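> Mind looking over this structure? Questions follow.
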Amino acid sequence: MDFELSEEHLAVQEAAKDFAQNELLPGVIERDNEQKFDPVLLRKMGELGFLGMMVSPEYGGGGMDTLSYVIAMEELSKVDASASVIMSVNNSLVCWGMETYGTDAQKEKYLTQLAAGKYIGAFCLSEPQAGSDATSQHTTAKEEGDHYLLNGTKNWITNGNSSSVCLVIAHTHREKGHKGINVFIVEKGWEGFSVGKKEDKMGIRASDTHTLMFTDVKVPKENRIGEDGFGFKFAMSTLNGGRIGIAAQALGIASGAFELSLKYAQERKTFGKPISEHQAIQFKLSEMDTRIEAARLLVYKAARLKDQGKDYIKAAAMAKLYASDVAMWVTTEAVQIHGGYGYVREYHVERLMRDAKITQIYEGTSEIQKLVIARELLK
Ligand code: CAA
Ligand code: FAD
């Protein structure tokens with residue numbers, strides 16, 4: 001597998017780095033403290049094409065490959081993982097699912113807006129009692145004439161407040177198990193749709209995470225994606241790609257912490273020399289860089305397989321499992337290298353450590369990634 005980046009990939013990397021360093025970095029600590037993402041930055045992300053990178057130009061997207069997307073995800077995540085989770089959900093869960101399985105009319109109406117960042121999307125699978133065990137959800141959609149009547153509660157929804165369009169996964173025929181699940185495009189503002197509690201989180205604090213409630217929401221039949229009963233397969237298939245995005249986010253968080261640590265280790269002096277001259281610190285830096293490089297290869301491999309139209313379920317799960325552990329380990333070491341300064345907000349690494357943790361939990365916990373890998377190995 002050739003990992004030489006093309007001119008186009010290098011240009012994407014440069015553009016993403018430029019945006020991250022010049023636009024995201026200046027207010028990142030304040031946004032984390034205030035738990036708010038700046039709408040002006042979100043608009044810029046849309047204008048620069050970060051919100052619909054892989055969407056076909058026919059629908060206003062960038063028409064780029066998955067490798068370009070993960071390269072951009074890494075650069076943004078080095079600085080601001082709240083920005084990159086917004087980007088990740090919009091690109092790989094909402095736009096990709098809609099473009100791959102939606103009707104022309106759905107794409108015209110919604111995808112064009114989502115790809116341009118005029119609408120922000122949310123992906124609503126999890127419920128209070130149904131996270132890893134996704135089929136045990138309680139939300140129902142009852143067929144009534146030309147529409148479905150949607151009832152239930154989704155929680156932990158990224159972009160829960162800022163989104164205009166939600167993909168909601170619900171049971172239509174509970175007795176059919178996962179084959180009785182469907183996915184619907186639901187607009188904010190429809191009667192009976194309300195936004196609930198905002199979560200006060202450990203990390204990715206500028207990304208809004210909310211509970212969403214649906215009470216007799218009328219969803220037109222044309223807003224169902226795919227054949228009747230396709231909803232669970234839709235969710236699983238969309239999450240396969242989503243996991244590559246989160247793996248890239250984890251990779252970026254780790255790389256960001258490593259770059260800060262490498263610089264700091266050469267500046268900070270103890271016992272008359274930079275701490276980078278103490279072998280204990282050198283060994284940390286060596287191991288951090290090695291693990292990051294291994295994570296990058298797994299992430300790029302999963303992206304390449306997806307771009308080549310090959311099976312990438314196992315590769316995506318492996319990339320997310322490994323990169324998220326690397327992010328957690330590297331960021332913890334980064335705080336250690338920074339000593340007491342690492343423990344305070346100003347030096348960024350404590351935020352990166354808090355942000356790293358979520359990558360082992362969402363879009364399937366590490367335990368679920370192992371389960372996915374084992375099922376692929378044994379099938
Ligand atoms: N890709 C494609 N199809 C898949 C699949 C995959 N990775 N995993 C399962 N399926 C299919 C199976 O083939 C099966 O279909 P058939 O019956 O036709 O063969 C069907 O789905 C049901 O599969 P299982 O019997 O294996 O289902 P299960 O109930 O045992 O659950 C699971 C499997 C892998 C644990 C699944 O429930 C899962 O992935 N859970 C984690 C949920 C998750 O990742 N949630 C993330 C929410 S979004 C989010 O988190 C966003 C964010 O933070 C930013
Ligand atoms: P549980 O499923 O209750 O798991 C608890 C523990 O048990 C975990 O360690 C888990 O790995 C382990 N476990 C469970 N089952 C097994 C098993 N079979 N074998 C071994 N171990 C097991 N969801 C969405 O739908 N959309 C979103 O946009 C979204 N964004 C999120 C943002 C944040 C900040 C957070 C925290 C969550 C988000 N989620 C979202 C939900 C997320 O996907 C779930 O939290 C995650 O899938 C785990 O589900 P759970 O929290 O119910 O944990």
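Each Cβ is built from the backbone N, Cα and C atoms, and glycine gets one as well.
Annotations per TrEMBL:
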type	residues	note
DOMAIN	6-118	domain 'Acyl-CoA dehydrogenase/oxidase N-terminal'
DOMAIN	122-217	domain 'Acyl-CoA oxidase/dehydrogenase middle'
DOMAIN	231-378	domain 'Acyl-CoA dehydrogenase/oxidase C-terminal'
> Averaged over the domain 'Acyl-CoA oxidase/dehydrogenase middle' (122-217), what pLDDT does the predicted model reach?
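The average pLDDT of the model in the domain 'Acyl-CoA oxidase/dehydrogenase middle' (122-217) works out to 97.
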> What are the DSSP helix/strand/coil residue counts across the domain 'Acyl-CoA oxidase/dehydrogenase middle' (122-217)?
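DSSP classes over the domain 'Acyl-CoA oxidase/dehydrogenase middle' (122-217) add up to 10 helix, 51 strand, 35 coil.
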